[in-house]
Number of protein chains: 2
Amino acid sequence: MSSASTATISRLSTLDATFDQHLGALLDWEGVSDSAVQSRVDEILSDVKQRGDAAVIEATNRFDRLSVEGMEELRLKPEQLKQAFDNLPAEQRDALASAAERIRLYHERQKPTSWQYEEADGTVLGQQVTALDRAGIYVPGGKAAYPSSVLMNAIPAHVAGVREIVMVVPTPDGVVNELVLAAAHLAGVDYVFTIGGAQAIAAMAYGTETVPRVDKIVGPGNIYVATAKRAVFGQVGIDMIAGPSEILVVSDGQTDPDWLAMDLFSQAEHDEDAQAILVSWDSAHLDAVAASIERLLPTLDREGIVRESLSRRGALILCQDKADAIAMINRIAPEHLELSVEAPDTWLGEVRHAGAIFMGRYTAEALGDYCAGPNHVLPTSGTARFSSPLGVYDFQKRSSIIHCSSEGASELGKVASVLARGESLTAHARSAEYRIRN
Amino acid sequence: MSSASTATISRLSTLDATFDQHLGALLDWEGVSDSAVQSRVDEILSDVKQRGDAAVIEATNRFDRLSVEGMEELRLKPEQLKQAFDNLPAEQRDALASAAERIRLYHERQKPTSWQYEEADGTVLGQQVTALDRAGIYVPGGKAAYPSSVLMNAIPAHVAGVREIVMVVPTPDGVVNELVLAAAHLAGVDYVFTIGGAQAIAAMAYGTETVPRVDKIVGPGNIYVATAKRAVFGQVGIDMIAGPSEILVVSDGQTDPDWLAMDLFSQAEHDEDAQAILVSWDSAHLDAVAASIERLLPTLDREGIVRESLSRRGALILCQDKADAIAMINRIAPEHLELSVEAPDTWLGEVRHAGAIFMGRYTAEALGDYCAGPNHVLPTSGTARFSSPLGVYDFQKRSSIIHCSSEGASELGKVASVLARGESLTAHARSAEYRIRN
């Protein structure tokens, strides 16, 4: 195909003999931590588990280049959060509040209800939904500190009915992000500690004298954070371990090429590992988007990151038709899917795997990233095959309910007795048999 | 308190000065794999990833003491499963079919629906629910091979709409469990491979020439299986890593002490690490249950395992009142909670954490283990604080849907633009701004 070696972004066609191989290589991403990272993380976890606050303080001073003496210096008071919110320019404060309200409204729709049903003999079966007692939110510090992520993580926890929300955010060299604090205020976070890394994960998973133990930890982080989350999984719940962000845009050729170029850039500007792929069956349209990319690239604030990301992991792919595009969607299982096509509704039933689906030419991913309402924490690297956007359900759990009537227990007891004896679990059988009526 | 050193099971009181400490020690359980296990598992995973079937065959011959030459010898054909089912005694066949039908009916109630709503400006938001393409079920071999577990794992996957279900079950020394095969037939499993251990987890997570790659792996296993599941988490979904099974029984003193003793035994007979705890505010009742335990113990088939389990991890606990009992429930977050009390409905609203709740004197846990309908795969070791019974939702995932009208995109674009610029993500801002109407 038309692959100019000087172009910023690869051009592929699904008809290329090496297409499958090439696509596989582009998609390949493994966030494996090496054994050096693993053993450093293990050390930090066990140190915090044993020594609590003292270990957290030491690690924080070392890694974030601070010199605090007590945990009280690593805790932000509610007044500080409110102050940060009040100090924002009105435009930012209003935008943040508007986003928070839309996120809340969407997530309210996710709330499941408990249910029960009664059988003819009076036996009742059901499912009771309850919230976690305490959730922990990890917010990265430094350049990747996003107030929108605070809203996206904390609001679903609130809507779910979580009693207490603990947030950790490192402040390397003491640099505090006021927008992040403002978002924490708006989202109703109960505790904020300015700690990060594996030590913050350990503090929330095990609890310390100061940091309350949480039931589940959510939020993205670097390789130390991801490794620590994997290690404490089971002690506490965790969300998915996030890979780099990615988008798959499908265009029918009728969307403004500049719009599509900017949509790809908005993904690529996250970091050099981010992935932006455009698919269309209109070859001339792909040429036009490629031209828009070259023309608009020099106007970007993050031109360097975008160039690197597009050249390493981006692609413009020529497919044959709609069916071919849908096969690609389901193979990639993208975090973000933009259906920049006429009548996107007719595509929906065939999309089996995608984190979030942005439908039509007007629905830029950026709208969903900030304020449309659905969550922007989404399954990456093909994990949409088996996982879901962060949501209210991540902060709740279900208990099964079984309430047998005397008659019901007698009938079920006969079945259970046979099966338990088939498994040689005779105390199970006898426990059931006690409930069989004579 | 009255703790006779010769008794089979500890007696505690919530008023004991050392109660918290003692209870903590009883509950403590960590299924940590040591670094030797870790590195053996890592070797197997990487071998199967690289060499596929050949590595699976070698590991299976070694660990299960077989001498097969090709994968076709490690695959059971649908006819063999059907044969196993047809060959069962009628009583077992009927009991298995009855249990399967009740499990199916309960799980049908868990099916969520996709939803959408439209805003005033025509913007549509929603959530689309889809099933996994392929699920993998691990079934332990040897003495812990339970046909009921095959039903409990495979039926929710079927109800969820999973396209293909792959089951693995090791056959050490070539010993096949016919009841397990019969259950696989009944539950509609598509592929059965007689492989186990880390090699089976690797085969399902990465796929081999013969074993199809799955999207999620569920089911219990030994420490090698648990370690392998933790390692492949992210490549595929996994369910919780299960600890030993446990029950907390609360009695108001009015349930037959023999019934309660047998209920405790039915938990303790699983294995030496299983945990059975009874709580009551009626001291004489606890004495009566203790007497029942001593009298009935010698009549048990698995007396040795039960004695070991009760003496190591069991307890009869005297509490003060209902509130005290409820505090204990929420602290322990038991896998199985038996409310052997009058009017258990009045307790339900206060139970925040439990895997499954067995209500009233007739609802023995054994009924739920086999045939009541709800799932018997439940969160252990206090993980009911943040996780749920296995269910239909474990085999489905959700995609967010965002479909902005031209007017909606224009309004949202303004908010997104402000927030994106606040995060210095200007390509995000410009992508949103393209959609703002002039």
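Here the Cβ of each residue, glycine as well, is placed from N, Cα and C on the backbone.
What TrEMBL says about a protein is an automatic prediction, not a curated fact.
Under a cutoff of 8 A between CB atoms, and with a sequence separation of 6+ in the same chain, the neighbours of A:E335 (active site, proton acceptor) are A:S245, A:E246, A:I247, A:A354, A:G355, A:A356, A:L378, A:P379, A:T380, A:S381, A:A384. According to TrEMBL, the active site, proton acceptor annotation covers A:E335 (among others).
With a 10 A radius on its CB, A:H336 (active site, proton acceptor) counts 27 other CB atoms from all the protein chains. A:H336 (active site, proton acceptor) falls within a strand when secondary structure is assigned with DSSP. According to TrEMBL, the feature active site, proton acceptor maps to A:H336 (among others).
TrEMBL lists A:Y138, A:Q199, A:N222 with the feature NAD(+) binding site. Mapped onto three states, the DSSP output places A:N222 (NAD(+) binding site) in coil. Close to A:N222 (NAD(+) binding site) in the fold, though at least 6 residues off in sequence, lie A:P140, A:G197, each with a CB less than 8 Å from its CB.
Packing around A:H270 (substrate binding site) is summarised by its Cβ count: 23 other Cβ atoms lie within 10 angstroms of its Cβ, all protein chains included. As annotated by TrEMBL, substrate binding site applies to A:S245, A:Q267, A:H270, A:H336, A:D369, A:E423, A:H428.
Marked as Zn(2+) binding site by TrEMBL: A:Q267, A:H270, A:D369, A:H428. In the three-state DSSP assignment, the secondary structure recorded for A:H428 (substrate binding site) is helix.
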Candidates A:Y138, A:Q199, A:H336 (recorded positions) - the one closest to A:Q267 (substrate binding site) by CA: A:H336
Between the Cα atoms of A:H270 (substrate binding site) and A:Q199 (NAD(+) binding site), find the distance and write it as a whole number of Å. 26
Smallest Cα-Cα separation from A:Q199 (NAD(+) binding site) among the recorded positions A:H336, A:D369, A:E423, A:H428 is shown by A:D369
Chain B contacts among the recorded positions A:S245, A:H336, A:H428 (Cβ under 8 Å): A:H428
Fewest other C-beta atoms within 10 angstroms, as judged across A:Q199, A:S245, A:Q267, which are the binding-site residues: A:S245
By a 10 A CB contact count over all chains shown, which of the binding-site residues listed here is most packed: A:D369, A:E423? A:D369
By Cα geometry, the one of the recorded positions (A:H336, A:D369, A:E423, A:H428) nearest A:Y138 (NAD(+) binding site) is A:D369
Determine the Cβ neighbour count for A:H428 (substrate binding site): the number of other Cβ atoms within 10 Å of its Cβ. 29
Among A:Y138, A:Q199, A:N222, which the record lists as binding NAD(+), how far apart in Å are the two most distant Cα atoms? 13
Work out how many Å separate A:E423 (substrate binding site) and A:H336 (active site, proton acceptor) at their Cα atoms, rounded off. 47
